[in-house]
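S.K.: Structure in structure tokens, see below.
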Amino acid sequence: MVSQNCQILGLVLALIGFVGTIIICGLPAWKMTAFIGANIVTFQYYWEGLWMDCVIQTTGQMQCKVYDSMLILPIHLQAARALIIVALVFGIIGIIATIMGGKCTNFVQDENAKARIAIASGIVFIITGILVLIPVCWTTNAVIREFYNPTIPDGQKKELGPCLYIGFGSAALLIAGGALLCSSCPPNDEPSYHVKYSPAKSTMSSNKVYVIYGKMVSQKCQILGLILALIGFVGTIVICGLPAWKMTAFIGANIVTFQYYWEGLWMDCVVQMTGQMQCKVYDSMLILPIHLQAARALIIVALVFGIIGIIVTVMGGKCTNFVQDENAKARIAIASGIVFIITGILVLIPVCWTTNAVIREFYNPTIPDGQKKELGPCLYIGFGSAALLIAGGALLCSSCPPNDEPSYHVKYSPAKSTMSSNKVYV
């Protein structure tokens, strides 16, 4: 029991560290502008990441540009790119191995094999933490050395960005989670004997064979449903953060395009032909169209429902041991399927609503051509995500085979005592 709790705690810590690794991989905040001196009036903030640098103005506008070449970057950022990508790959392998060899799952039946897989997954997580720690320490050392270098002008000095602090925490969590997974398997005190049995004649009827086959099919349906729902949930996260619900409509042959306009749930962006991108968060929610206001709320609620559905599916899956009662597992699986279907509907409503609004505005003759928008990539991703969520939920609802053996409630009446009072005293 203690070993199982250690495994769960180790996986949770490693997952948090893995999420932190994803954040520092995409967030352009490894270095930031150093504020030196009392006479400097700050109008812009400069951020540098692995893939782009950004300029954030005090008005809230943000302008980002992807690096034109990798060779112009410092050697520590070039190495950080490769090491962080490798760390993400190792993290995915570690998560899969931990789930496969966990004590609360049934993917592997042999306990000794489970112990070996758990130790291997812990080693993978420790390697992942080291791969994250190397570029973070390297970049921190470079920033500090440049900061205290008197030959570098004050305007060119940088400070440690938030990604470095997140990187240190993520590496520590990955290493701690890996260590817990390595130490969660107690030593086997009992020697293992290899006993061979001669095959006995099968006495199982054909009905029981079909029941076992149905259970295997049901388990595969649950796994497939969870995979589809997870892909749909990731798509929902993408459309929530990506400012690409609407885009500039290119109408007419004489238009020379110099800028692309994108609109999302939280900000709008202008992408220039040079590759620079300038984004601005909406100043007020009330100035947005009613369909975007509703889309914000519905997508957030869909994300909450999706998280609940994932947790419920894992708790009630046929390949896990969180719940022992098979009937309770069936009810939990059906409940998780219903939650995923609701999540898909919550995603489908704002996507359809926004699509209808864009099409109606596009064909409205009273709206000038320069103000018309087209369907953005997020709407197509939204349709696909909603379909995957609903399909995954339907599979989870239909993955429980009918119970062929009816359950009878047998009641026993108390038998009359035939023992004499004398014998009782004796």
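Glycine residues also receive a Cβ, built from the backbone N, Cα and C atoms like all the rest.
Checked TrEMBL, it gives:
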type	residues	note
TRANSMEM	7-30	transmembrane segment
TRANSMEM	79-101	transmembrane segment
TRANSMEM	122-144	transmembrane segment
TRANSMEM	164-182	transmembrane segment
TRANSMEM	223-245	transmembrane segment
TRANSMEM	294-316	transmembrane segment
TRANSMEM	337-359	transmembrane segment
TRANSMEM	379-397	transmembrane segment
S.K.: Residue list, the transmembrane segment (337-359) vs rest of chain: Cβ under 8 Å, 6 or more residues beyond ends.
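M.R.: Counting only partners 6 or more residues beyond its ends, the transmembrane segment (337-359) has Cβ contacts under 8 Å with 225, 229, 232-233, 236, 239, 245-246, 289, 291-292, 294-295, 298-299, 301-302, 305-306, 308-309, 312-313, 373-375, 379, 382-383, 385-390, 392-399.
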S.K.: Among 7-30, 79-101, 164-182, 379-397, which stretch has the highest count of C-beta pairs below 8 Å with the transmembrane segment (223-245)?
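M.R.: The stretch with the most close Cβ contacts to the transmembrane segment (223-245) is 379-397.
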S.K.: Could you pull out which residues elsewhere in the chain have a CB under 8 Å from any CB of the transmembrane segment (7-30), counting only those six or more residues past its ends?
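M.R.: Distant contacts of the transmembrane segment (7-30): 47-54, 64, 77, 80, 84-85, 87-88, 91, 94-95, 98-99, 102-104, 118, 122, 125, 128-129, 132, 136, 139, 161-164, 166-167, 169-174, 176-181, 184.
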S.K.: Within the same chain, where does the transmembrane segment (79-101) have neighbours whose Cβ lies under 8 angstroms from its own Cβ atoms, ignoring anything closer than 6 residues to its ends? I mean 6 or more beyond.
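M.R.: Residues 7, 10-11, 14-15, 17-18, 21-22, 24-25, 30, 50-51, 70, 107-108, 113-118, 120-121, 124-125, 127-128, 131-132, 134-136, 138-139, 174, 178, 181 contact the transmembrane segment (79-101) from elsewhere in the chain.
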